[in-house]
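The structure appears below as structure tokens.
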Amino acid sequence: MEGLKFLIVFVVLALASSFASASDPSPLQDFCVAIKETDGVFVNGKFCKDPQQVTEKDFFFSGLNIPRDTSSPVGSNVTAVNVAQIPGLNTLGISLARIDFAPYGGLNPPHTHPRATEILVVVEGTLYVGFVTSNLANGDNRLITKVLNPGDAFVFPVGLIHFQLNVGKTNAVALASLSSQNPGVITIANAVFGADPPINPNVLTKAFQVDKKVVDYLQKQFWTDNNN
């Protein structure tokens, strides 16, 4: 039964992705399996493996059915499946992630994907999800939220801040498809308070309208976490 649930979710995600316009450039060949060799040259993507040397391993990843450890400070664990894990995703404009949430408040904290739209499907549990719009004409940022149950799907537009919170009493699992082989992720709190080198506290004190002691505390906490 567990296997069937994952199969159904994968089919839904695959169909959704096939109808979506990928944010990455369209490929000019059947595939371009990524290789690590660069010889000091950088390209927008990855260099291609000789098609004659490509095998099924270049298109395969195993283990998305395995529950992950959610004992992190935020109570979640993201298993990314992008071009770094499946070289065959290079130039194909799609990637995948499994997100595990601890009971009673496991959180995938506010973050953005600068290069991808995301569609998320809940496999187990109940999630409170949402995203914040960019500045509207009146200067406001609108919050759009929804509580999701197993089988529900939700879209997070490219570049917008979004989050998922487990509001149930049991573990929760979701699968997400993203419209880039390498969507990138910027976790807001980590980026702002854990930047290396640190952002000048005067900038953050004025931006957040808080006492410098608050900024110092947060920078110490997040900078330590990000640089261990």
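Here, residue 1 is simply the first one shown, and the rest follow in order.
Even glycines carry a Cβ here, placed using N, Cα and C.
Remember, TrEMBL labels are computer predictions, not curated facts.
Feature annotations, courtesy of TrEMBL:
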type    : residues                       : note
SIGNAL  : 1-22                           : signal peptide
DOMAIN  : 62-216                         : domain 'Cupin type-1'
BINDING : Asn108, His113, Glu118         : oxalate binding site
BINDING : His111, His113, Glu118, His162 : Mn(2+) binding site
Query raised in the report: Whose Cβ, among the binding-site residues His111, His113, His162, has more other Cβ atoms within 10 Å than any of the rest?
Result: His113
Query raised in the report: Which residues, sitting 6 or more apart from Asn108 (oxalate binding site) on the same chain, put a CB under 8 Å from its CB?
Result: Val74, Ser76, Val78, Ile99, Phe101, Phe163, Gln164, Leu165
Requested in this report: Work out how many Å separate His162 (Mn(2+) binding site) and His113 (oxalate binding site) at their Cα atoms, rounded off.
Outcome: 9
Report task. Do me a favour and check the Cα-Cα span between Glu118 (oxalate binding site) and His111 (Mn(2+) binding site); whole Å is fine. Result -> 12
Query raised in the report: Near Glu118 (oxalate binding site), how many other Cβ atoms are within 10 Å of its Cβ?
Result: 22
**Report entry** Per-residue pLDDT averaged over the domain 'Cupin type-1' (62-216), given as an integer
**Finding:** 96
Report summary line: Taking the centre of the Cβ atoms of Asn108, His113, Glu118 as the oxalate site, the remaining residues of that chain with Cβ inside 8 Å are Ala97, His111, Thr112, Ala116, Leu120, Phe156, His162, Ala176, Leu178, Pro183, Val185
